[in-house]
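Encoded as structure tokens, the structure appears first; notes follow it.
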Amino acid sequence: MTGSESEEPLLRRAVCPGSFDPVTNGHLDIIARASRLYDVVHVAVMINQSKKGLFTVDERIDLLRQVTAEYGNVKVESFHGLLVDFCKERDIPAIVKGLRAVSDFDYELQMAQMNNGLSGVETLFVPTNPTYSFLSSSLVKEVAAWGGDVAHLVPPLVLRALTERLAKR
Ligand code: ADP
């Protein structure tokens, strides 16, 4: 990376993109591992106007900021449009993604190849910690909505927010 026009030219940057509705221990595991490999990790929360989440984008960002504060080098932001544009604007050469199972692979490979073809950005896949290989935000919401215990799958702060939100429904 040349980074000659960036304000912090020598920093190695990566982005972890996703919906994070809400952030789970699986996401956090990938973010924490990326934060040990890169100087700055941007967590990019996707704005999807056509899909209403359980949490608003601002609420997701707020939860993410609180649970990643301890890493010190994680920046949480929202984005809409193309991820490659988010990367270009911030001089980010790498996307870091967790791969849960073979079922993730087909789509992730297509996206990685498309993004690389669009702008040259690289995608690095980190194998999911097996403890979280079945874990997704949607499954957590579904189980929690039916009263199942998800305390071991999300940070305590997220568990509280989830319980409160679901009680209001
Ligand atoms: P989901 O709704 O499936 O939890 P997101 O769109 O918020 O997913 O996930 C963003 C990215 O976070 C995924 O593309 C993947 O790279 C990573 N991720 C999600 N869940 C996990 C997990 N359990 N373990 C590792 N990585 C994960």
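Note: Cβ is positioned from N, Cα and C throughout, glycine not excepted.
What TrEMBL says about this protein:
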DOMAIN    15-142  domain 'Cytidyltransferase-like'
BINDING   Ser19, Lys51, Leu83, Lys97  substrate binding site
BINDING   Ser19, Phe20, His27, Gly98, Leu99, Arg100, Glu108, Tyr132, Ser133, Phe134, Leu135, Ser136, Ser137, Ser138  ATP binding site
SITE      His27  site 'Transition state stabilizer'
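Taking the Cβ of Ser19 (substrate binding site) as centre and 10 Å as the limit, one finds 19 other Cβ atoms among all the protein chains shown. Comparing the binding-site residues His27, Lys51, Lys97 on other C-beta atoms within 10 angstroms of each C-beta gives the minimum for Lys51. Pairwise Cα distances among Ser19, Phe20, His27, Gly98, Leu99, Arg100, Glu108, Tyr132, Ser133, Phe134, Leu135, Ser136, Ser137, Ser138, the recorded ATP-binding residues, top out at 18 Å. Candidate binding-site residues: His27, Lys51, Leu83, Leu99, Glu108. Those with a Cβ under 6 Å from ligand 1, in sequence order, are His27. Counting other Cβ atoms within 10 Å of each Cβ, the lowest count among the binding-site residues Ser133, Ser137 belongs to Ser133. Classification of Ser137 (ATP binding site) by DSSP places it within a helix. Mapped onto three states, the DSSP output places Leu99 (ATP binding site) in strand. With all protein chains in the displayed structure included, the most crowded Cβ environment within 10 Å among the binding-site residues Leu83, Leu99 is that of Leu83. Between the alpha carbons (Cα) of Leu83 (substrate binding site) and Glu108 (ATP binding site) lies a span of roughly 14 Å. With DSSP states grouped into helix (H, G, I), strand (E, B) and coil, the domain 'Cytidyltransferase-like' (15-142) comes out at 63 helix, 29 strand, 36 coil. The distance from the Cα of Lys97 (substrate binding site) to the Cα of Glu108 (ATP binding site) comes to 8 Å. When the Cα atoms are compared, His27 (ATP binding site) and Lys51 (substrate binding site) turn out to be 20 Å apart. Checking the binding-site residues (Leu99, Glu108, Ser133, Leu135) against Ser19 (substrate binding site) with a 10 Å Cα-Cα cut-off leaves nothing. Between the C-alpha atoms of Lys51 (substrate binding site) and Ser137 (ATP binding site), the distance comes to 14 Å.
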